[in-house]
Amino acid sequence: MQQSHQAGYANAADRESGIPAAVLDGIKAVAKEKNATLMFRLVNPHSTSLIAEGVATKGLGVHAKSSDWGLQAGYIPVNPNLSKLFGRAPEVIARADNDVNSSLAHGHTAVDLTLSKERLDYLRQAGLVTGMADGVVASNHAGYEQFEFRVKETSDGRYAVQYRRKGGDDFEAVKVIGNAAGIPLTADIDMFAIMPHLSNFRDSARSSVTSGDSVTDYLARTRRAASEATGGLDRERIDLLWKIARAGARSAVGTEARRQFRYDGDMNIGVITDFELEVRNALNRRAHAVGAQDVVQHGTEQNNPFPEADEKIFVVSATGESQMLTRGQLKEYIGQQRGEGYVFYENRAYGVAGKSLFDDGLGAAPGVPSGRSKFSPDVLETVPASPGLRRPSLGAVERQDSGYDSLDGVGSRSFSLGEVSDMAAVEAAELEMTRQVLHAGARQDDAEPGVSGASAHWGQRALQGAQAVAAAQRLVHAIALMTQFGRAGSTNTPQEAASLSAAVFGLGEASSAVAETVSGFFRGSSRWAGGFGVAGGAMALGGGIAAAVGAGMSLTDDAPAGQKAAAGAEIALQLTGGTVELASSIALALAAARGVTSGLQVAGASAGAAAGALAAALSPMEIYGLVQQSHYADQLDKLAQESSAYGYEGDALLAQLYRDKTAAEGAVAGVSAVLSTVGAAVSIAAAASVVGAPVAVVTSLLTGALNGILRGVQQPIIEKLANDYARKIDELGGPQAYFEKNLQARHEQLANSDGLRKMLADLQAGWNASSVIGVQTTEISKSALELAAITGNADNLKSVDVFVDRFVQGERVAGQPVVLDVAAGGIDIASRKGERPALTFITPLAAPGEEQRRRTKTGKSEFTTFVEIVGKQDRWRIRDGAADTTIDLAKVVSQLVDANGVLKHSIKLDVIGGDGDDVVLANASRIHYDGGAGTNTVSYAALGRQDSITVSADGERFNVRKQLNNANVYREGVATQTTAYGKRTENVQYRHVELARVGQLVEVDTLEHVQHIIGGAGNDSITGNAHDNFLAGGSGDDRLDGGAGNDTLVGGEGQNTVIGGAGDDVFLQDLGVWSNQLDGGAGVDTVKYNVHQPSEERLERMGDTGIHADLQKGTVEKWPALNLFSVDHVKNIENLHGSRLNDRIAGDDQDNELWGHDGNDTIRGRGGDDILRGGLGLDTLYGEDGNDIFLQDDETVSDDIDGGAGLDTVDYSAMIHPGRIVAPHEYGFGIEADLSREWVRKASALGVDYYDNVRNVENVIGTSMKDVLIGDAQANTLMGQGGDDTVRGGDGDDLLFGGDGNDMLYGDAGNDTLYGGLGDDTLEGGAGNDWFGQTQAREHDVLRGGDGVDTVDYSQTGAHAGIAAGRIGLGILADLGAGRVDKLGEAGSSAYDTVSGIENVVGTELADRITGDAQANVLRGAGGADVLAGGEGDDVLLGGDGDDQLSGDAGRDRLYGEAGDDWFFQDAANAGNLLDGGDGRDTVDFSGPGRGLDAGAKGVFLSLGKGFASLMDEPETSNVLRNIENAVGSARDDVLIGDAGANVLNGLAGNDVLSGGAGDDVLLGDEGSDLLSGDAGNDDLFGGQGDDTYLFGVGYGHDTIYESGGGHDTIRINAGADQLWFARQGNDLEIRILGTDDALTVHDWYRDADHRVEIIHAANQAVDQAGIEKLVEAMAQYPDPGAAAAAPPAARVPDTLMQSLAVNWR
């Protein structure tokens, strides 16, 4: 069943119900079987799969709370902290713990929680588990911040759940509550109500009514009771008759049926009727059939002493159809079902929540006759008490003295009338059942033998009497309602107001019905006839009043003026005529009694008196109130002009409602005045008549009573008006949608305001954002709340809503910038990499969660709509995308308080960054921020001066303790708006955010992946971590500690202590009045006073003194303003930047960087290699000891520079660049520096030259323009940078750089190094051994070496894009003899250098070809496969990396192959050379032409083992060989001898002797008759053409001969013929020397004849090819004797083999 609980649902309602599909099928079957509608509360979705899995469900004996998070979701944890109560107050947890103990003490068990794999899958899909690694479970729930959970697989394939507190030692099992059998429990399926059909009780009603007697007996008792009742029409007898009539119905519907009680100690925990019990058992039997446990454990909410108020109810009809209904829909549905004969039994013991549900949804349901509603006195008198309480009387209720005041704060009257309402619906059904029973009884009377006609007559009379009583009750009810509504503080709902209106308009009809029915019932009783004549008149007057009231109501309609005037006339006529008619009836009756008759005469004077009475009846205060009400409507019209433009029409609707209310109340006031006047006139006329004073008295009493009734009807009239407007709202989409338009309109109004657009545009500029995402929380308007209250819709709206827009430059743009989930508290920013959005909250962001509203009667005529926020109220989660986002949290609500302002909880913020560089502007809330990738910043600048933060580093995390003292925080609470509507008062709660001041508040933020932290205005303490942090204290006396990493520290205003810690830190200071303590710690640290700080703006500066800083003393003296002085104490600071004023700065003995910035500064470097920069202004710079650098950037002043000791440099590279100059320089160059004359001339854009005095300076760096740099007799470094520079070194070993441009470089005397750089440069070395460094390939430079041994170096050229464009792998082509270097790897290219006087060349990293000249050259190949040729002279060739080719040519040369497989071309006749192969397998080659081997010359004699090579028999021609592996001979007769390594020896032409030596060698004889001896090792021998001889013997290893045909070839083996064993191995011939491991293979001997040798010699014998074949065939007949046998054993060899050996070896 586990696999199918989500499958098989018939519709969306089934799925939403949470009931497993298989169980639900059984429920529908039971509904059909029992002919009853079944209603259920929604099942927790986390319990759905558990029920389907067969988990047991809890009964009423379990009071503990289930869990809605983590692995235990749906179960009932023994530890309340693991339940849905997690995070609640300690006292709540303590009470929950008691509930758990109570459950365990009464038959329940604690069970170790285990889960199935399917359950784990569900938890993942539901988002309750977000990950699992090695059994450890992850989740987003806050509980996982306090607890760790893991699962372990058990032997039965389930997973045991364990937990421990974070940081705890051992895991323990999670225990949940189970039943007595040890099966875990989950929530059961709660039945809300059952509606059985009346047909279920027809038989039981009859037997119950008769109580064992016949129907005839029952009717006889009824007849006798009715006979007794005819003695009078007093209240007691009418009640008695009514009770008799309904006796059977009450029992029939089960309200008095046997109940089942279960007890737990003295507590009544459950009530269930017989029918409910029957249904429950049927449902559980169906559940068992599909593998579930009991799913329903108790009765319905109809018998629950503490019922719930649900927003939705799941309904299964008697036909098996299912649907999901809201409260309002349920009300209508129950009414429809009642009309079809189904009985709904309400709960009599509802508390506040339950009563509200039935007041709003069921109290005025269709099918409940108005006569059976709350205020019927007979109903009230017969209401039984709730359990344990006494029954109130009507009088007690009206006095509000019923003893109910202690119940949950509910007013006594409200609770009592609630019981009446509950009874009203039941008694309506009882009335219908009574009628059925009485009709059945009458028919039974007629059918039974022996029953007289009188019995049938009394049956009819009993029914008639019941109808009379019903009609009378309707009349009494209508009058009671009118009276009740006229009292101050009356309690009534909008539904009651509707009932009242119906009663008022039906008054005339009710009066006639009562008169007719009662007269018929008592027909024949003459003593009552006269009385009812008067009663008939009174009822006729009642009809007139009703008509008058109806006409008055028409005045409230939107009717033409003429129609309203007619209605007013109708009022006067009806009331006047009715009153006169009543008075006439009374007068005539009295006159008849006295036998006196007389006409009615009204004197003119009496009419005048009546007019006076009319004027007196109009109250000035009443008129004033109506006028004020009209003015308020005008104000609402003004509001409507703007709200209507944004789609909300409610203000206009409310204005019209008040105008209609004003008209209605004016009409009632006028009618009342007219009635008083008419009454007075009638009394006067009666007094003048014959009837005299009695008529006047009666008339006065009647008109006074009617006037009171009319005033009482005023409230129903305006209530009907409110109902009419409520219907209008329903017709316009319903209240929820209607009032949401108010929120939308208020949002649009603000979003389109000029002020907001400007503010957001400024924010975008200030934050350097690409757009601003504005989140606006909008509160409903006061006028909308007022309209909702009047129309009874205050519980059908939202008081706040959240809207999101994107703005660019203050204008709204399309797109969905965030995904907002208010219910779950989620904000996801939809941003992409490269964007720079900013998120801000335009209005304070309210708490997350959904709003639930409940309207409850709280006084006589008072209603209160309560609001409650449900869901995840304590946390917002904000998730960023990949952009660089600014998130402003300043206006996020930090606290949630209740209606009394008591703190419920703080609201936390989870902010999850993306890949960008994000900035979070924090507020007072508790924040957890994970910055993710990028460089992220959190700023607390919004905190006040009395607040402080303490930041500590915990590995990758920062913990930020915020101490808020008397701070302002945004707080959300509940406010109440009170609206008086006539006598009705509506108190409507709504969500409201305010800026509140708190005393002391401590919150702790956690920050992860954050690099930058900015403090607030208070005294903060901030400690960094191991990363490169940016820490700013803000205002206040702060303490900053950078920790490890290269940090930037900003103390800000106040007396700060700033510690750099490890790493190269930067301190940003201002010139404030505060003294600070600065400690750089380890690393190279810098203090900067040139950063503009806000505190400087508040100082009126008098003078231009900046700072006096002395790093050696550890002080920085500051003059922030006139007569103000402060000192910063510094230590472990290496670098310091001055202010924008005139500073004095001195370093210490460390390597300092000192920068004056603006102002006329004096800077001393002292010891160490310092960097000094004066900045703008007339500066004096002293380098003193050390190799110092002076950075010059101001060409408009003259500075004084003294380098002092050491090698010092003055650098002008930052002085002139396109961002500085505004016009071409007058002289067309940047600087002219002459160190020999100790000055530097600077050409300014103003055409004025300025000179810097430079002393003791060795080096100069020029500008980007045309410079002239001249050295002195010292070793100078002169760098021209850009422009066409002239650089002259002078004496000394100088380093000259031309930089960009066509430069002229002159080394002059000394061993100079010259770099031309970009451009066509001319470089002259002058005297000395100079070095020319060439770095570009696509230019034409002229290089003149001058005197000395000069070198041109192209090794850096390959690193530039100019080399080998389209010529991949080719370097330079240099020929010193021709004086040309082609730089693109081919001769004749356009990019070449002209060289002269150059002796040495260094090639590139590519393949170069470098040729020397007649001088002694040094040629270096560097990288690549180079070709180096020394030419004449004693040269040095170095191949470098790569497989190089080296040729020394003439002269005594030294050739070094270095790395790679190099090839040396050597002339054997050229003696005295050194050839060193270096790494790799290198080859010496004597084969080339011109190697001294002319005709008649001798061949080469070479020994790699001895390391020499010479002409044959001419040792004086010897050359030294080192690290050479291979050799190639000449065309003569050569002798090539290898060494112990693996050699390749190639004899080429001639009759060569090749000897491999030890190692696995390759010998190639090539042309000629060669002698090849592999010697030791496994060698490959290639004889080639000619008559070749191969030598082999003991100790030679395993050699292979590769013959290719031609010549007469021989193998000579140093062994006896009897030691050789011949065998065929594939196509090869193998010859083995027995007794050894040596073997000789002739490759492909059997493939064809070209691969064979002609003869083999062994000792003094030989064998030819034919003999070899015979030996192979003969030996193939015998097993190989192996290497151990020295010769074939003669004793075992047949004579045939011996004969073959003898015959073939000769």
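In case you wondered, yes, glycine gets a Cβ from its N, Cα and C as well.
Over in Swiss-Prot, the protein carries these features:
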BINDING   Ala349, Tyr350, Gly351, Val352, Ala353, Gly354, Lys355, Ser356  ATP binding site
REGION    1-399  region 'A, catalytic'
REGION    383-405  region 'Disordered'
REGION    400-912  region 'B, Ala/Gly-rich'
REGION    500-698  region 'Required for interaction with CyaC'
REGION    913-1656  region 'C'
REPEAT    1014-1031  repeat 'Hemolysin-type calcium-binding 1'
REPEAT    1032-1049  repeat 'Hemolysin-type calcium-binding 2'
REPEAT    1050-1067  repeat 'Hemolysin-type calcium-binding 3'
REPEAT    1279-1296  repeat 'Hemolysin-type calcium-binding 6'
REPEAT    1297-1314  repeat 'Hemolysin-type calcium-binding 7'
REPEAT    1315-1332  repeat 'Hemolysin-type calcium-binding 8'
REPEAT    1335-1352  repeat 'Hemolysin-type calcium-binding 9'
REPEAT    1429-1446  repeat 'Hemolysin-type calcium-binding 11'
REPEAT    1468-1484  repeat 'Hemolysin-type calcium-binding 13'
REPEAT    1537-1554  repeat 'Hemolysin-type calcium-binding 14'
REPEAT    1555-1572  repeat 'Hemolysin-type calcium-binding 15'
REPEAT    1603-1620  repeat 'Hemolysin-type calcium-binding 17'
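DSSP assignment over the repeat 'Hemolysin-type calcium-binding 17' (1603-1620) gives 3 helix, 6 strand, 9 coil. Remark: secondary structure over the repeat 'Hemolysin-type calcium-binding 13' (1468-1484) totals 0 helix, 5 strand, 12 coil, with classes taken from DSSP. Across the repeat 'Hemolysin-type calcium-binding 9' (1335-1352), DSSP assigns 0 helix, 5 strand, 13 coil. Here the repeat 'Hemolysin-type calcium-binding 2' (1032-1049) is broken down by DSSP into helix, strand and coil counts: 0 helix, 6 strand, 12 coil. Confidence in the repeat 'Hemolysin-type calcium-binding 15' (1555-1572), given as mean pLDDT, stands at 94. Look at the repeat 'Hemolysin-type calcium-binding 14' (1537-1554): DSSP puts its residues at 0 helix, 6 strand, 12 coil.
Mapped onto DSSP helix, strand and coil, the repeat 'Hemolysin-type calcium-binding 11' (1429-1446) counts 0 helix, 6 strand, 12 coil.
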